[in-house]
Amino acid sequence: MKAPADYLSHLNPAQRSAVEHFCGPLLVVAGAGSGKTRTLTYRVAHLIRNHSVDPENILAVTFTNKAAREMQERIQLIFAQQLAEQTYSHPLESLPLQEQTALRSRAYKRYIKPLWMGTFHSLFARLLRFDIDKYRDEKERKWERNFTIYDESDAQSLVKNIVTRQFDLDEKKFDPRSIRYAIGNAKNLGHSPQDFAREQQNYRGRVIGEIYDAYQTRLAENNALDFDDLLLVPARLFEQNESILGYWHDRFRHVLVDEYQDTNRIQYRLIRLLSTNGEPHRDRWSWQQRSIFVVGDADQSIYSFRMADFKILLEFQEDFGDGLPDDDTRTMVKLEENYRSRSNILEAANALIELNTERIDKVLRPTRGCGATIYCYKADNELVEAQFVRDRILDLRRADPELDWGSFAILYRTNAQSRALEDALRSEIPYIIVGGLKFYDRKEVKDALAYLRALVNPADTVSLLRIINTPRRGIGQATVDRLVAAARELGMPLWHVLQDETSVKTLAGRSAKAVQRFALTLQTWQSQVTERSAAEILDGILSDSGYYSDLQNQGTDEATSRLENLKELANAVIQFAEENEDLSLEGFLANASLASDLDNLEEGQQAVSAMTLHSAKGLEFPVVFLVGLEQGLFPHNRAIDDPAALEEERRLCYVGITRAREQLFLSFTRERRLWGMAREPALQSQFLQELPSELLESNIVPQRLPRKSVERDRPTVGTVSATAAIQNWQIGDRVIHQTLGPGEVTLVMGEGAKTTLGIKFPGLGTKIFDPKFAPMRRVEASAN
Ligand SMILES: Nc1ncnc2c1ncn2[C@@H]1O[C@H](COP(=O)(O)OP(=O)(O)OP(=O)(O)O)[C@@H](O)[C@H]1O
Ligand SMILES: [Mg+2]
C-alpha cells in the first residue's frame with residue numbers, strides 16, 4: 001500500500017473522487033474556475049503514481065500548447081517532490097538548489113517526456129510521424145513521414161495558386177480565402193473532393209469541387225498536410241487499418257481531454273476510436289485497465305464556428321457508458337465550487353449565463369469573498385477607452401506593488417480592436433498580443449521557415465516558390481513560370497527541374513546562372529541537414545542565400561526589426577532543441593507550424609496580455625478589462641438576430657467575466673471608428689444591461705436602464721401598442737430601437753398590420769422588422 005499522496009490534499013472531495021476513479025469512462029462537468037483543469041492534471045499524476053500506469057500509456061489533450069506546458073510543469077513538480085522524499089527523506093524545497101534541479105530533471109525524463117500531452121493537432125501530427133506511410137487516400141496516394149505541415153496562410157496561397165494559375169479563374173469571383181474555408185468545412189465533415197462534388201447543385205459549387213480535388217493533388221505532390229488533415233488523416237487511417245488502430249488503442253490506455261465542450265466531430269471520432277477500438281459497445285470487462293476522462297463546461301462552448309459541438313459533451317455518458325450499469329455517479333462527477341473569482345464577479349457571471357435558454361442548470365458557489373465592485377466605463381470613443389485601460393493599469397500598479405504587469409488582461413471581441421489599445425499601451429506598458437501578432441505569421445519568419453522546409457522536404461514546391469526569388473536574385477516571374485511549366489511537362493518536382501541542366505540551359509543566360517546559384521546553395525545546406533544543428537543550418541542558409549545581407553543593406557528600422565525577428569527565430573530553434581532534446585530541423589518545423597498563438601504568452605512573463613475572448617479560454621488573471629461592450633460589436637452584428645448565435649456570444653461574455661480573479665472592468669464607447677470608416681455612434685451592449693445593476697458601478701449618465709426592463713423579448717423603449725404599430729410608415733422615418741439604437745426607415749413593404757420595414761442603423765447596416773413586434777418607436781416622421 002502506497003502512502004497517500006500529498007497532492008490529494010489540494011483537492012476537494014468531488015475533485016478527489018474524479019482523480020481517484022481508475023477505470024472506465026468519467027465525465028466531469030462544472031462551471032468556470034471550479035478546478036476542472038487542476039483535476040485533470042492531478043489525475044495524470046495519480047494514474048502514474050498510484051496505479052503504476054506507464055506514462056507512455058497516457059494521452060492527454062489540452063486546448064493550447066501553453067496549457068500542456070503548465071500541466072507538465074505541475075506534474076513534474078509532484079514527481080520531483082516524491083523523488084526528494086524517497087531519496088533524501090526531505091521535502092524538495094529544503095534541498096540545495098543543485099539537488100532540486102537534478103531531481104526535477106530526473107522527474108522530467110522519467111515521467112514527463114514519455115507522456116503524450118498537447119493539443120489535438122500536435123498529438124495527431126506526432127502520431128502521423130510514425131504511421132502516415134501506411135495511409136492511402138481515396139485515390140491511392142501516399143505520404144511520407146517527413147511530411148510538411150501547411151499552416152493557414154500556406155494553404156491559402158496554395159488555393160490561390162490553383163485558382164489563378166492552374167484554373168485561370170478570376171480571384172475576385174473565386175476568392176481563395178472563402179474556397180479554402182469551404183474545403184476546410186468539407187474536410188471537417190469528413191467529405192472527400194468526390195463527396196463534395198456529388199453534393200453540388202450549381203456551376204460554382206462544381207468548380208470549387210474541382211479546386212478541392214486539385215488542392216489535394218498538390219498537397220500529395222508536395223508531401224504536405226494542412227491543419228484539417230492532421231485530424232482527418234488519422235481518423236481515416238484508423239478506419240482503414242485495424243492493426244494500426246489496435247496498436248494505438250493498446251498504447252493509450254488512459255485518454256484525458258480538457259475543454260471537451262469545444263470538441264468537434266472529427267476530434268470526437270478520434271477519441272472514440274482510440275478509446276473503444278472502434279467497437280460499438282463496451283462492457284465493464286473491456287474497460288478494465290483503461291479509462292476515458294473528459295472535463296468540460298457547456299456554458300463555455302465558444303467554437304461552433306470551427307464546428308465544435310457541445311452536444312458531444314452532453315452525450316458523453318450515453319456514448320461511453322453504454323453497456324455499463326445505469327449509474328450516474330459512476331460516469332459523471334460535478335464540481336460546484338468556484339476557486340477563482342471574487343463572489344461578486346461570479347454572481348455577475350452566473351446571472352448572465354442564466355439568461356441562456358439552451359443550457360442545463362448548474363450550481364457554482366463562490367469560495368472567495370466579495371471583492372472590489374465591477375466598474376463599467378463609458379468612453380467617448382475607442383481612443384479614450386484605451387486611455388482608460390492604460391490609466392487604470394498604471395493606477396492599480398502604483399496602489400498595489402504585488403500586481404505585476406502579468407496580472408492584467410485586456411479582452412476584446414475582434415482582433416482589429418487591439419490597434420487602439422496597443423497605441424495607448426505602447427510607450428508605457430509592456431504588453432503582448434496573444435493570438436493577434438503572430439510571430440510565425442511575420443513575413444521574414446515565414447520566409448526563413450520556407451527555406452528550412454525546402455531543405456528538409458525538397459518536394460515542397462510551395463516553400464520553394466516562396467523563396468526562389470526572395471531576396472531578389474534575378475529569377476523573375478517569367479522564369480519561375482517556365483520552370484513550373486517544365487516541371488509539369490516532365491512530371492517531376494520543381495526541385496528536380498532546378499537541378500536539371502537541360503531545363504536550366506533553356507533559360508536566358510543571367511536567369512540560368514541565378515537558378516544554378518540558388519540550387520547550389522540549397523544543395524549545400526541540404527547535405528548538412530543531418531550533420532549540423534538546426535540553429536546552425538538556419539544561420540547558414542540565411543547568410544548564404546543573401547537574406548541577411550539584403551536586410552542589412554536596406555538599413556531601415558523595419559529591416560532592423562525583421563532581423564531581430566529572425567534572431568528571435570534562432571532563439572526559438574535553440575529553445576526547442578533544449579526543451580525537447582531534439583536537434584533535428586524536422587522536429588522544430590513541425591513545432592513551428594503548430595505553434596499556437598497562445599505560445600507568445602510565456603509563464604511569468606512581465607507583460608500585460610491583450611487577446612480576443614476566444615483566446616482567453618482556460619486562463620485566469622487578477623485584473624481583467626473587458627472592452628468594446630457595444631451592440632453590434634459584442635454581441636457581434638452577425639449574432640443579433642440569431643438566437644442560437646446570440647447565446648454563443650453570451651457564453652463568450654461568460655468566459656470573459658470568469659477569467660477575472662480579483663477585479664473586473666467593463667467598458668464601451670459612445671462612438672467608434674470601425675473598419676477604417678468615419679466614427680459611428682455606438683450603443684452599449686445588451687450584456688451590460690443583463691448584468692445585475694446592483695453589482696456595477698459606473699460613470700454612465702443618465703442612469704442605466706433598470707434591470708427589470710431588459711427581460712428577454714419585452715420591448716421597453718416606449719410601449720408599442722397595436723395602434724402605434726399599425727401606422728403609416730414612410731421611408732425617412734426615424735426610429736429608436738431598444739438594442740440597436742437610432743435608425744432610419746429605408747424600405748416599407750406591405751401595409752397596415754402586414755407592414756414590414758427595412759431600417760438602417762449606422763454601422764450595423766439594414767435590418768428587417770415587423771413593427772408590431774420590434775422593440776422600437778418612431779421618434780420623427782419623414783418630412784415627406
Ligand atoms: N480544491 C481547490 N482548492 C484551491 N484552489 C483550487 C482548487 N481547485 C482549483 N483551484 C484553483 O482555482 C483556479 C481555477 O482552477 P482551474 O483552472 O482548474 O478551473 P477550470 O474549471 O479548469 O476553469 P475553466 O472553466 O476556466 O477552464 C485555479 O487557480 C486553481 O489553482
Ligand atoms: Mg480549465
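Every residue gets a Cβ built from N, Cα and C, even glycine.
Residues or ranges marked as ATP binding site in TrEMBL: Ala30, Gly31, Ala32, Gly33, Ser34, Gly35, Lys36, Thr37. Residues or ranges marked as domain 'UvrD-like helicase ATP-binding' by TrEMBL: 9-342. If you look up TrEMBL, you'll see 343-618 marked as domain 'UvrD-like helicase C-terminal'.
Among the binding-site residues listed (Gly31, Ala32, Ser34, Gly35, Lys36, Thr37), Ala32, Ser34, Gly35, Lys36, Thr37 have a CB atom closer than 6 Å to some atom of ligand 1, in sequence order. All protein chains shown were included, and the count of other CB atoms within 10 Å of the CB of Gly33 (ATP binding site) stands at 26. Sitting within 8 Å of the Cβ centre of Ala30, Gly31, Ala32, Gly33, Ser34, Gly35, Lys36, Thr37, and not among those site residues for ATP, are the Cβ atoms of Asp297, Leu335, Asn338, Tyr339, Arg340. By the rule that a residue counts when its Cβ sits under 6 Å from some atom of ligand 2, the binding-site residues Ala32, Gly33, Thr37 yield Thr37.
Same-chain residues at least 6 positions away in sequence with a Cβ under 8 Å from that of Lys36 (ATP binding site) are, in sequence order, Val28, Ala30, Asp258, Val295, Gly296, Asp297, Leu335. Mean predicted confidence for the domain 'UvrD-like helicase C-terminal' (343-618): the pLDDT average there is 84. Each of the binding-site residues Ser34, Thr37 was assessed for Cβ neighbours inside 10 Å, and the highest tally belongs to Ser34.
Listed in sequence order, Asp297, Asp299, Gln300, Asn338, Arg340, Ser341, Ala349, Leu364, Tyr654, Val655, Thr658 are the same-chain residues at least 6 apart in sequence whose CB falls under 8 Å from the CB of Ala32 (ATP binding site). Residue environment of Gly31 (ATP binding site) contains 25 other Cβ atoms, counted within 10 Å of its Cβ in all protein chains. In sequence order, Leu11, Asn12, Gln15, Leu335, Glu337, Tyr339 are the residues near Gly35 (ATP binding site), counting only same-chain partners six or more apart with C-beta under 8 A.
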